[in-house]
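Right, one structure below, let's go through it.
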Amino acid sequence: MQANGAGGGGGGGGGGQGQTPELACLSAQNGESSPSATSAGDLAHANGLLPAAPSAAGNNSNSLSVNNGVPGGAAAASATAAAAQATPELGSSLKKKKRLSQSDEDVIRLIGQHLNGLGLNQTVDLLMQESGCRLEHPSATKFRNHVMEGDWDKAENDLNELKPLVHSPHAIVVRGALEISQTLLGIIVRMKFLLLQQKYLEYLEDGKVLEALQVLRCELTPLKYNTERIHVLSGYLMCSHAEDLRAKAEWEGKGTASRSKLLDKLQTYLPPSVMLPPRRLQTLLRQAVELQRDRCLYHNTKLDNNLDSVSLLIDHVCSRRQFPCYTQQILTEHCNEVWFCKFSNDGTKLATGSKDTTVIIWQVDPDTHLLKLLKTLEGHAYGVSYIAWSPDDSYLVACGPDDCSELWLWNVQTGELRTKMSQSHEDSLTSVAWNPDGKRFVTGGQRGQFYQCDLDGNLLDSWEGVRVQCLWCLSDGKTVLASDTHQRVRGYNFEDLTDRNIVQEDHPIMSFTISKNGRLALLNVATQGVHLWDLQDRVLVRKYQGVTQGFYTIHSCFGGHNEDFIASGSEDHKVYIWHKRSELPIAELTGHTRTVNCVSWNPQIPSMMASASDDGTVRIWGPAPFIDHQNIEEECSSMDS
C-alpha cells in the first residue's frame, strides 16, 4: 500500500492505482498492501508507516513518500538512488534501515502527538519523515483542521471520507471498550450530531438565529438521534444574549476551547490508527504514575493528577522515614489507664479519655505538630471510655464504661458542661454518634438502650431491646449503624423505624468505624483481629494479620491521605499499621508497655497519629526527625534501608 496516495509501484507507476479511495482507506486501516506495492517490496503498517527505503537489490521502482501524503513518485525514487550511489555511506545507511516494530511506531506517534501539542510542528514533520511513520490518517488531519477552523460543511464531508475507516473490522476491534449496542452507522450519526450541535451553538452566539433554526430543523432533527437533547437545544433560542447562552449550555463559547473539547469527543469514535486519542502520552504516563503510587506501601501524600508534581525520570518509592512510625511526643498528664483518643474533624485538637475520670483536650501546633494541654474536663465518676466530636467540633460527648448510666455533653470552646443526660439509673450508655446535622446524637449500651437525643438531652426517639456495642451515623442523616451482642452490624432508620442486617460475624464485634465515603467498615472482632467489610456489597474484604485482639475493646481507624491506611492497637502493647490492600502489616510500632486501647489518625495531618494505652500515656507518632516536610516528595526517590 502506498500511504496517502504516494507514488510508487512497478515501472514507476502509482502503487495501488486500482484501488478506490474507500478501499485504500480500508487497506490503510487494516494494514494491507496493494498488490503492486507488495510486489515492489513495500509494506505499510496498520497505523500508517510509509514505504521503506530502497531494497538491497536497488529496485528503482520503489518510492520514498513524504509524511502526510506529499507525493514522491518515480522521480523521488531516482533521486534517492542517485544520492545513494554518490554517497556510499548514505546508501549503506538506507540499505541497513530496518522496518520499525509496531511498538516503535506507536511510540513515535505518541511522541509526535505530544510535540504537536507543544507547538513543535517542524520537529514533528522531521520525525515523521525520518521514521517513515505518519501521525494520523490524511483524512483525519483534514477533519481536525476543519473542526478547529469551524468550517462545518467541510468537516461534515470529511466524515464521509472517514466512514470506511470507522466501518472497518479493525476499527471494531480497536474500539472494544465502546458499547456493543453502538452500530457503525450510529457512530457516524453521533459524530455528525456533535458537529451540528457546535455549529448550532456558534450561530446562536453570533446572533444568527435564522441560520441556527435552519440547522436545528433541517440538519439536527432529521438525524432522529437524542431527541431529548434536541428539545434542550431548542430552548436555547430563547437566550437573550451570548452570556446567557454560554451559562445555560455550560459551553465555553465559539473558539479554540470549545472546538478542542468537541474534537476530543469526536476522537473517541475513531480508531487510534486513524487519529490518536487526545493527549494519549500524558494519559499513559499518568496511569504509570498512579500504578506506582498504588504499589507504594508508604505513599501518604495527596494524590495529584498533575504530572508536574512527580519526576518521570525515576520510579516512585516513598521512604518509611516520612511515615508516622516514630514517637514525636509522649503525653503523661493522665494518671491512670487511657481508654480512648480522638482527633477533632479539623485536626487542630485531640481529646483523650481516661479511667482517671477526666477528658483532656490538647491543642495541635500547626507548625511544630506538637501538642499542649488546652482544657481538662472533670467529673466523669466512672471514667471515660468513648468520645465523639460534633461535626463542627464545637461540642464533645463523653461516655463511660458498662456501669455508667450518664452521658456528658461539653462545650469545647468554653469548657462548660452543657448537658448531663441520664434516662434511667439502670441504663448503660457506652457509645455515642453524632447525626451529620450536628443537632442530634444517638447513644446506647449493652443493657438494651438505644436513644436519639437533642443537644439538651431530650429524648427524641428510642429503639427498645437493642444491646448496642458501638454506633455510627451515616451521611444520609437517617441511618444509624449499630453493632450488637448478636455479632452483627445492623442499620436502623429512625424515620420509618425499619432495620436490616448488614454485617454478620462469627465472633463478638468489640468496635467498628466507617470510612469517610461510607463504603467500608473496619471491625475489631474478638479473638479474630481486624476485619474490613464492604457495606455496599455486604462482603468481607480482608482480614488483617498480626494484631492480638482478645475481649478488650480496642478501637482501630482509617487514616492517611485518601484513607489508604488502617491502624489498630493491640494487646501485645504495639500499634499495627496496614496498607488497606495488604493483609500483612507495613509497620509495628513499639513503645507502649501495656495494651494499646485506641488509635486515631489526624484527618488533616496525614503524618500524625495518636495512640492511647493502659500504661497511662498517649503517644504522638510522626515522621523520622529532620525530615523537611515542605519537600517530602524528594524523599520518594529511595526506600530507606
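Each residue, glycine too, has its Cβ placed from N, Cα and C.
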Candidate annotated in Swiss-Prot as phosphoserine, out of S63, S101: S101
Listed as phosphoserine by Swiss-Prot, one of S103, S139, S258: S103
Candidates 333-372, 379-418, 424-464, 504-543; stretch with most C-beta pairs under 8 Å toward the repeat 'WD 6' (591-631): 333-372
Around the Cβ of S103 (phosphoserine), the count of other Cβ atoms that are within 10 Å: 8
Selection from 333-372, 504-543, 546-588, the stretch that has most Cβ pairs under 8 A to the repeat 'WD 2' (379-418): 333-372
DSSP state at S101 (phosphoserine), helix/strand/coil: coil
Local confidence of the repeat 'WD 2' (379-418) - pLDDT mean: 93
